[in-house]
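Visitor: Structure provided below as structure tokens; questions to follow.
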Amino acid sequence: LKNCFQVAAPLETLESAAAELHIRKPTRLGMDLPFEVQGSEAFIQQPDGSLFSWFERFRCYQHLLYGIVNCYGHDVTLKLDGRELCWAPEESLVRKLESEGVIKQIFPLHDELKRKELLRTWALNWWNFTNQPIDKIYAYFGAKIGVYFSFLGMYTHWLLFPALLGFIVQMVNFGSLQYLVLPSFFVSTILWAALFLQFWKRKNAALLARWQINCLVGPSQGYRFLGMEWNSLPFPKELVKNQGDEKFKEKEPYQRYEWFAYRKKLKNDVLVIISIIFLQLPFELAYAHTFEMITSNTIKFVLTAIYLLIIQYLTRLGGKVSVKLINREINESVECRANSLIYKVFGLYFMQTYIGIFYHVLLHRNFITLRQVLLQRFIISQVFWTFMDGSLSYLKYSYRKFRARKKKRSEGGPSTGKIQIASRVEKEYLKPTYSASIGVELEDGLFDDSLKLALQFGMIMMFACAFPLAFALATVSNIMDIRTTALKLLVTLQRPSPRAAATIGAWLNIWQFLVVMSICTNSALLVCLYDKEGKWKMEPGLAAILILEHILLLLKFGLSRLVPEEPAWVRANRVKNVTQAQDVYSKQLLRSSSSEFASMVKPEQEQQKED
């Protein structure tokens, strides 16, 4: 690096940029309005007292930097280090310098005061276990990361109940009652998972209300129609003009293109599913069968190592193919494209993680061996993810600092002694970005963290009857994960760019799917437990399991109706805001109508006086 620059802007400059961007913000009138500098006092402040959220400030900074364009009306020649660059009219200067390699990277810097405070109250505060300063995390990292850690904290806190229950079921010998204990534990975990997901929706709604984020009137990017926004389509008026007096149904072109977009997305989803079934499934089954047939532990270890290498390559290849498919789809926003990637890639990981265990269950029907396999996989996966999270980013940062010092020494620095990197901006530049391992074009590092959490949830839920102790292990792992991920974000990584999304997105649907799958898989495990002969007879015990499965499926979907997704105070605030907005619109309409009526009546009265 030759030069590192730190750019800042006062509040007045940010207000002007927000007004130019027409950023919609909640007001004290109960409605979201585009920001105006003169009426800034009417807009509601953030929980930390600032006028703009971190996401809004980041948008303003981007607008200010990339808004520097050539306004001279002709090409301008830029000279730098003996090079001449042609700056075209209306071209962004920063984008031009980025394309020429002059600017390497633009990224947000850590705020040292707030970073140290979060280190003290969050990352290094081990005594609080699942409690976290969510509002401070939101103010510093944005809504997406704030919601994720709120979800992780609530999930870990709720895990305490099944962890204690699973520890008792695993360690205590109930004798002849063991056949009743496992079904009872199975029912308890399913009801626990269904209630947890419903109460998470309530907490998410409460968070958004506290942070003044309105998802219904949020930063939607609109539907796209041949590269244009649907809300700016010119075709209705043109078609009306072309059709003359014929009545034109405005909804028809929207509906036609909407189904066209769904058809393209469905075609891509079917292609991914068929690829998983016919390409990945035989490979996974072949590995599981070969692993069971081999008796030598050394050969098993070598086979597993080869399998993991091949899987890494296939998964990355599948991620690249998924991104190409998504680029051909028609999605409303970047978050919708990211959700589409999540669904496609999770199918690959789901097959890799669980198909071998399913094969082992159906082939051997041995609970003791199954528990050993689950324990090995759970420990290995958690240790692997923890090592990747805690060590990989630090090793990358250390290696980049080593290369930077070596380069400075070769460019004429002191031959002896340690070369220091004095610039804080340069230190931050050397840190890795918070990026995903797959699909970096659409996702950041939250993809890997959310994927790890979803695979863990699937492991403990789908095989709850076989390994109840997994809930306790997951609780300990998540408590560690909260702190290690916080340290990673605050110490060894660049400050992530904020995202507009304020929910966990597609991951919630995946967790709902895993709950349904766990009902089916645990019912099959209980069948294997009761039907020791493997004849699959419909005896009273097996019939009871099938009835229990259907009852749990009904309860799972019934709880979504019994437990409201929003707290009462959130609904009351929304109704209050709507009422206030209606009152304001009504008064404004009355004033405008009165002024128009007065302007119409006054000339008539003057004419009557003249007559």
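The backbone N, Cα and C atoms fix where each Cβ goes, and this holds for glycine too.
The domain 'Anoctamin transmembrane' annotation in TrEMBL covers 137-575. Annotated transmembrane segment per TrEMBL: 145-168, 180-200, 270-289, 301-319, 340-359, 379-399, 460-480, 500-529, in sequence order.
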Visitor: Counting only CB pairs under 8 A, let me know which of 180-200, 460-480, 500-529 has the most with the transmembrane segment (145-168).
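Guide: Per the Cβ count, the answer is 460-480.
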Visitor: Sort out for me which stretch, of 180-200, 270-289, 301-319, 460-480, 500-529, has the most Cβ pairs below 8 angstroms to the transmembrane segment (340-359).
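Guide: It is 270-289 that shares the most Cβ pairs under 8 Å with the transmembrane segment (340-359).
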Visitor: Could you tell me what the rest of the chain brings near the transmembrane segment (301-319), counting residues at least six beyond its ends with Cβ under 8 Å?
Guide: 275, 280, 283, 287, 290-291, 294, 341, 344-345, 348-349, 352, 437-439
Visitor: Which one of these stretches, 270-289, 460-480, 500-529, has the most C-beta pairs shorter than 8 Å to the transmembrane segment (180-200)?
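Guide: Most Cβ pairs under 8 Å with the transmembrane segment (180-200) come from 500-529.
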Visitor: Any residues 6+ beyond the ends of the transmembrane segment (460-480) with a Cβ under 8 Å from its own?
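Guide: For the transmembrane segment (460-480), the sequence-distant neighbours (Cβ-Cβ under 8 Å, at least 6 residues beyond its ends) are 129-130, 152, 155-156, 159-160, 162-167, 169-171, 182-183, 185-186, 189, 193, 354, 357, 361, 367, 370-371, 374-375, 378-379, 382, 386, 453, 514-515, 517-518, 521-522, 525-526, 529.
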Visitor: Are there residues at least 6 beyond the ends of the transmembrane segment (270-289) whose Cβ is under 8 Å from a Cβ of it, and what are they?
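Guide: Cβ under 8 Å, 6 or more out: 303, 307, 310, 314, 318, 322, 325, 344, 347-348, 351-352, 355-356, 359-360.
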